[in-house]
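All remarks here apply to the structure that follows.
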Amino acid sequence: MEAAITQRIQYPSWVDCRKVECKPQRGSLRYSQQVKVDRRFRGLSLARLQPERRNDQRRAVSPAVSCSDNNSSALLETGSVYPFDEDILKRKAEEVKPYLNGRSMYLVGMMGSGKTTVGKLMSKVLGYTFFDCDTLIEQAMNGTSVAEIFVHHGENFFRGKETDALKKLSSRYQVVVSTGGGAVIRPINWKYMHKGISIWLDVPLEALAHRIAAVGTDSRPLLHDESGDAYSVAFKRLSAIWDERGEAYTNANARVSLENIAAKRGYKNVSDLTPTEIAIEAFEQVLSFLEKEETMEIPDGDL
């Protein structure tokens, strides 16, 4: 389940884009050798394209966090973002879209990892339709919240509804789906998700615990019945959940590590990342997966 988390981040308005010339990228032929050639000449890497930020121009981060009641998304409200990053996101979507051939994408990850927010961004720039599994389940239950479903019907009942939702979505094309944190524990769910491309948002447990502690655990049915301070409760339970699910997340076709993105961009904390930056990396990882997939499918004699 995803709780709607709001993280307000202030950004400097100055960006010197005169040093960088950006041209829209176009999809190339779907042949592995051609892909390799195209990739060689796509210009500067994502990291090198970023305008240099001096220490005194680093974004100021406010810990202000709010939570909605419907648990349908982990929404990081970022306000304005760098137009430069928005351009990169659009260009990456244009680059990936021809290779997708209409295949859908499924975002997986721990609760609070931002699947809904990132998924909405990706679907928008691709022109795909977005669905949140938890929201679909709540609608099927006449508006009953996920937390209430757990209380009145139990987790197994909810997991069954989750599988039903994924089964229906798997027959559709050109959709981006935000799954619940526990969707990965049922092998049948992977069968449905692998009809598209699965993307794992890998967020450090400490960061997740801080997010959840800031909004409280009342809306998290799997974090109930614990005593202690909010962060300790969240981190302890998240660690236990990770022990149960961690290996299952590795079944995803693409992994988006927030720690890796932060390191590449010179941030000290993953909380400095914007959803746009995460979505850009997601497209990069999807493209990498698709290129490897093509190479495996094409006989050596055709290379």
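Positions of Cβ are set from backbone N, Cα and C atoms, glycine also.
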To which of Asp134, Asp229 does Swiss-Prot also attribute binding of substrate at the site defined by Arg159, Gly181? Asp134
Minimum Cα separation from Arg159 (substrate binding site), reported as the residue among binding-site residues Met111, Ser113, Thr116 that achieves it: Met111
Looking only at Cβ atoms, how many others are within 10 Å of the one on Arg159 (substrate binding site)? 16
Could you state the CA-to-CA distance between Gly181 (substrate binding site) and Met111 (ATP binding site) to the nearest Å? 5
Between the Cα atoms of Lys115 (ATP binding site) and Asp134 (substrate binding site), what distance do you get, rounded to the nearest Å? 12
